[in-house]
Amino acid sequence: MINTRKTHPLMKIVNNAFIDLPAPSNISSWWNFGSLLGICLILQILTGLFLAMHYTSDTMTAFSSVTHICRDVNYGWIIRYMHANGASMFFICLFMHVGRGLYYGSYTFLETWNIGVILLFTVMATAFVGYVLPWGQMSFWGATVITNLLSAIPYIGTNLVEWIWGGFSVDKATLTRFFAFHFILPFIIAALAMVHLLFLHETGSNNPTGIPSDADKIPFHPYYTIKDILGILLLVLFLMLLVLFAPDLLGDPDNYTPGNPLNTPPHIKPEWYFLFAYAILRSIPNKLGGVLALISSILILILMPLLHTSKQRSMMFRPFSQCLFWILVADLLTLTWIGGQPVEYPFIIIGQLASILYFFIILVLMPITSTIENNLLKW
């Protein structure tokens, strides 16, 4: 009997990616985040589609249309909060996924890693333009402040900002184009995710030991399909707890006030998942320097394969590197906290120290520690 799963042109692709895929037998729950990100993306596209059916991208009616969705549309409130909190879940999974890659040395798959960094930038761009759409105070001023950073680019900066705004300030043209970007970008993310997966399946998955696992592979289905389903159930549980019990926990109260160009909020800050980068941006007194530091804080991930000096791929058997890794995590949490605080003593100095430490750990301490560990292997 001919097995359609293995012969049908379309089914064959699905089969080779999700069913008969040879997977390492020892990958832990840290390898669940790829599938969780896929689920997050599907969820965001679906909830976003239903929101777009009722949303109007006009400065006069945008805020009212979001209120209308929450009050008058059948189950509009749950769709809106699933979309808003779904973004938070997306970023939690994203940070865990990147952290896993750093810890276990997955960045040695160069193409997969670089596409992943591009994906990270694209998701961040999507989240930023999406945050502007409800046209609340924080939406409006967040858009004004962040787009204004481009004016730090020498010579073309001011023209570039006005070109993005579609005028001399954030206004109707800006909102309309941001809605267009927010609609198209998730589909670009989906396409990039497929390329990401394509490159991953060229090499096969990494595993916690960092040692090639060709000698010990198991089929993806049923072993990892059932494991992924457990992860998805936990993700949905956590998301729905957030949506149904504390929908505004991660949001900003200022966004329940319609955007007003004549009234600036006392503390302008982005959503929690951008706070670490925002803290790095604010810790440098110079505008251009801050923008460069902001971009570098993410772009530094591309350098990870070059900074890898260890003879071992994974950090599993490298206790000193493990300590540094967790100090880096603590540093990022500190930056996230600082990003949400007002610009005053002692937060300014803490932010500056945390920013310096962030780059110092990645660029200096990690390569040196790896070299020391290499020498310890000879003892």
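Glycine too: its Cβ is placed from the backbone N, Cα and C atoms.
Listed features, source Swiss-Prot:
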TRANSMEM  33-53  transmembrane segment
TRANSMEM  77-98  transmembrane segment
BINDING   His83, His182  heme b b562 binding site
BINDING   His97, His196  heme b b566 binding site
TRANSMEM  113-133  transmembrane segment
TRANSMEM  178-198  transmembrane segment
BINDING   His201  ubiquinone binding site
TRANSMEM  226-246  transmembrane segment
TRANSMEM  288-308  transmembrane segment
TRANSMEM  320-340  transmembrane segment
TRANSMEM  347-367  transmembrane segment
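This view paints the features noted in Swiss-Prot onto the structure.
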residue : record                   : DSSP (3 states)
His83   : heme b b562 binding site : helix
His97   : heme b b566 binding site : helix
His182  : heme b b562 binding site : helix
His196  : heme b b566 binding site : helix
His201  : ubiquinone binding site  : helix
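Rounded to a whole number, the distance between the Cα atoms of His97 (heme b b566 binding site) and His182 (heme b b562 binding site) is 23 Å. Contacts between the transmembrane segment (226-246) and the transmembrane segment (320-340): absent, as fewer than 3 C-beta pairs lie under 8 angstroms at sequence separation of six or more.
Cβ neighbour count within 10 Å across all protein chains ranks His97 highest among the binding-site residues His97, His201.
His83 (heme b b562 binding site) and the residue listed as 'ubiquinone binding site' have their C-alpha atoms 30 Å apart, to the nearest angstrom.
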